[in-house]
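For reference, TrEMBL has these:
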- H114, H118, D309: Fe cation binding site (BINDING)
- T140, I141, S142, G143, G144, D173, G186, D190, N281: substrate binding site (BINDING)
- 27-315: domain 'Gcp-like' (DOMAIN)
Amino acid sequence: MSSKSTYILAIESSCDDTSAAVMHNNKVLSNVVAKQEIHEQYGGVVPELASRAHQQNIVPVVDIALKKAGITKEELNGIAFTQGPGLMGSLLVGGSFAKSLSLALNIPLVAVNHMHAHILCHFIDEQGYDKPEFPFLALTISGGHTQIVKVNSFFGLEILGETTDDAVGEAFDKSAKILGFPYPGGPLIDKYAKEGNPKAFQFTKPKVDGLNFSFSGLKTQILYFIQKSVKENPNFIEENKADICASIQYTIIQILMDKLKLAVKQTGIKQIAIGGGVSANSGIRQTLKQAEDKYKWKTFIPKFEYTTDNAAMIGIVGYYRYCESIFADSSIVSKARIEF
Ligand code: KG4
Ligand code: ZN
């Protein structure tokens, strides 16, 4: 890798968070995230409103990121941005902004895959955080994806399994919606689960071959269970909130752990890194830590601020691509779906 001093501005706008970060090599100088509360009232992200909010937020967010980093835009060496996957209207805002700024400053543009970034966030240089060694297994769990990836090198990634329907974040958010929680409900399930009994209610785990996942059946099961229980007792949710949340979370964690155990068995790799918004979940973090002793795994759990969408993770991939001179030209287009 390069021993030069490199400043990269990174932009993330794939869904409903507008974020800008400034990296100095593999260190984060600033990482600013503007959340969009407008979606809470709709029970999910409204694409049209998300792109409008990105347009409003992008200039101030970049400005704050540069100020916090203590550098001017003229000192930047490159601009990294999320090319995909994500919502097209949201991606276009960050992509067009990054392209224009790179042209104006006459510095290279670097395109980054959002899921690649959720995995490589572990290579951000942070005190107290070890970096995984290649090859390792990555479990990426977010609002849009659920994948087990074999990571052979910075740019050599192999998807071993993925969801065939809903992502694990959707399983959390849709369950939360059934319980009447606002969007995104994942963090609320996590919060209430802390007080509850994870074995209070039993949900069956889906039977899916190999390393693939399925979460849509679980959502339907939860919906029918809640509808039936509320019919018998209208206060059922309020009286059992903690136990319901703990039981849902426990089932989801068991589904993830079963597949991870199988992936370790199939590959012989015992280094596991998690990434994506759902890796903020305290139950998942705790269960993985316990697996270090239980199964002799080495686990890598991102710093909280690098779990949900943020530009620092785009910046670390941007830095490694910049070092390899993998630049995008001005004809680059945003992509709602994209391979590694
Ligand atoms: O990676 P991310 O910020 O956006 C996508 O790329 O999708 O992930 C967002 C997802 C949402 O589904 C949200 O409910 C979930 O991450 N999430 C959580 C927690 N924090 C965020 N799910 C469970 N427990 C949490 N603590
Ligand atoms: Zn994400």
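FYI, residue positions are counted from 1 along the chain as it appears here.
Using the three backbone atoms N, Cα and C, a Cβ is placed for every residue, glycine included.
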Nearest by Cα to D309 (Fe cation binding site), of the binding-site residues S142, G144, G186, N281, is S142
Pick the one among the binding-site residues G144, G186 whose Cβ has the fewest other Cβ atoms within 10 Å in this structure. G144
Per-region confidence, the domain 'Gcp-like' (27-315) (mean pLDDT, whole number): 97
Pick from H114, H118: which of these binding-site residues has the biggest number of other Cβ atoms within 10 Å of its Cβ? H118
Given the binding-site residues T140, S142, G186, return the subset with CB under 6 A from an atom of ligand 1, ordered by sequence, or none if empty. S142, G186
Between N281 (substrate binding site) and H118 (Fe cation binding site), what is the CA-CA distance rounded to a whole number of Å? 15
So if I take the binding-site residues (S142, G144, G186, N281) and measure from each Cβ to the nearest atom of ligand 2, which come out below 6 Å? S142
